[in-house]
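Novice: Sharing the record's features from TrEMBL:
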type: DOMAIN; residues: 1-411; note: domain 'Major facilitator superfamily (MFS) profile'
type: TRANSMEM; residues: 21-43; note: transmembrane segment
type: TRANSMEM; residues: 49-72; note: transmembrane segment
type: TRANSMEM; residues: 170-187; note: transmembrane segment
type: TRANSMEM; residues: 214-236; note: transmembrane segment
type: TRANSMEM; residues: 257-281; note: transmembrane segment
type: TRANSMEM; residues: 287-307; note: transmembrane segment
type: TRANSMEM; residues: 319-341; note: transmembrane segment
type: TRANSMEM; residues: 374-404; note: transmembrane segment
Amino acid sequence: MGLTMFSPLRQRNFGKLFIAQLFSDLGNWLDFIALNTLVVYAWGLGPEAVAALVITLGLPWVVIGPLASVWTDRAPKRLVMILSDLMRFIIVLTLFWAPNLYILLPLVFLKGACGAVFDPARQSAIRMIVPTEMLAQAVSLSQLSVQSTKILAPTLGGALVSMIGPRSTFLIEAVLFLLSAFILWMLPDLKSDVSSNESVEMKGGFWKQLREGWAYVVTNRMLLIGTLSIMFALSINFMYDGLFPLWTKQMDFSEQVFGMMISAIGFGSVLGAVLFGQFTIWQKGPLMMMSFGAIAAGSQVLLMGLGGQGFLSLELYSWFIVFLLMGISASALFVPFGYIIQTETPQRMMGRVSATANAIQNGAMLLSPSIGAFLVKVIGLGFVFSGSGICLALFGMVVLMIAFRLHKRKSDMDDSHIAEKDSAV
């Protein structure tokens, strides 16, 4: 019987981990609307406060994640995840009583720090629980949780804010983290099973082990190219991502259409995660799939730029198809990259390598929006989208050529090994 996307769920421990991740991911995004509502409507603060909130949401993943990853690699993974959930339970409860922005931002930072610790431990747990032949499906399921909750949680959070207010929404969020911790408690300890040689390598100072994680990413070609691809793609993405409302306004689309288009991207990313989980032929060349995703996404952003400049006129339903394909293209980047992390990283370094990847991704989120806003003033909105699309597509082509060379070299090495075995026989 062939493997399907949901085959890893037959593994009892992975099923528990997946459900716990769903609750945790819901908690991560449920308060997004509540936080913004509190800052803008309840306290009457302006764009500076909103910008400070966005930076505070991303900063822990850049700073705390890599530092804590050394401890994550050493500690039992179940314990790390449970403690992260319980800490977020307490922090989110405290958000209920936050009187002003100066108290809110440190609490949001602490909550993000716990999430930055939880995610590398979860990545390590997947590697420890799931058989190698099911890793592609497990990564797709994990990405499905991330992408679907990005759509559902803010929508649910918005509904809760309208019904019970922003502060009461934090109480619901706290319960989600508590449920996640309870399910994780039913897992085994998930202690790292390393060889004696690896055990010796794990000894040493904190900074030495931290450098080992970064050094491994830099010296492993697949990881380095995959990480650089994600970094470049997200840098381009976050450059134009915050400009979507301006683009829809320039195209004379209503606020409702803007919301529906964002939902189309989210639905496309969920659909992409399902497709790449069900049809895993891409795992023979994950970098190639990432390059195709970058080329496709760049082409779609270029279409948006041409539309914004008045060179392209499409019906509304056609734009929905463009945004749907954009979401699928995003999954073509993220799912194979998650697979590369799982297959190219030794178990003893999983926390450090995945935390490094998270830091790079969120670092792009912090810098790129400001660059995009500056470029809009200099060259105009349409040119920002067109230029971003062209750069992303060209970068995808470069990665495709590199990936093809790596794949050919690997095939040649495999053929030579087979020939050596045949001659030995």
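Note: Cβ is positioned from N, Cα and C throughout, glycine not excepted.
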Novice: Taking the transmembrane segment (287-307) as the first stretch and the transmembrane segment (374-404) as the second, find out whether 3 or more Cβ pairs fall under 8 Å, excluding pairs closer than 6 in sequence.
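Specialist: As far as Cβ distances go (cut-off 8 Å, pairs 6 or more apart), the transmembrane segment (287-307) and the transmembrane segment (374-404) touch.
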Novice: Restricting to the same chain and to residues at least six past its boundaries, which positions have a Cβ under 8 Å from a Cβ of the transmembrane segment (257-281)?
Specialist: 3-5, 136-137, 139-141, 143-144, 147-148, 150-151, 244-245, 248, 289, 316, 319-320, 323-332, 334-336
Novice: Report, as numbers and ranges, every residue of the chain located at least six residues beyond the transmembrane segment (214-236) whose Cβ falls under 8 Å of a Cβ in that stretch; write 'none' if there are none.
Specialist: 66, 286-287, 290-291, 293-294, 297-298, 301, 333-334, 336-337, 340-341, 344-346, 349, 352-353, 356-357, 360-361, 363-365, 367-368, 388, 391-392, 395, 399, 402-403, 406
Novice: Give, as a single whole number between 0 and 100, the mean pLDDT over the domain 'Major facilitator superfamily (MFS) profile' (1-411).
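Specialist: So the average pLDDT across the domain 'Major facilitator superfamily (MFS) profile' (1-411) works out to 87.
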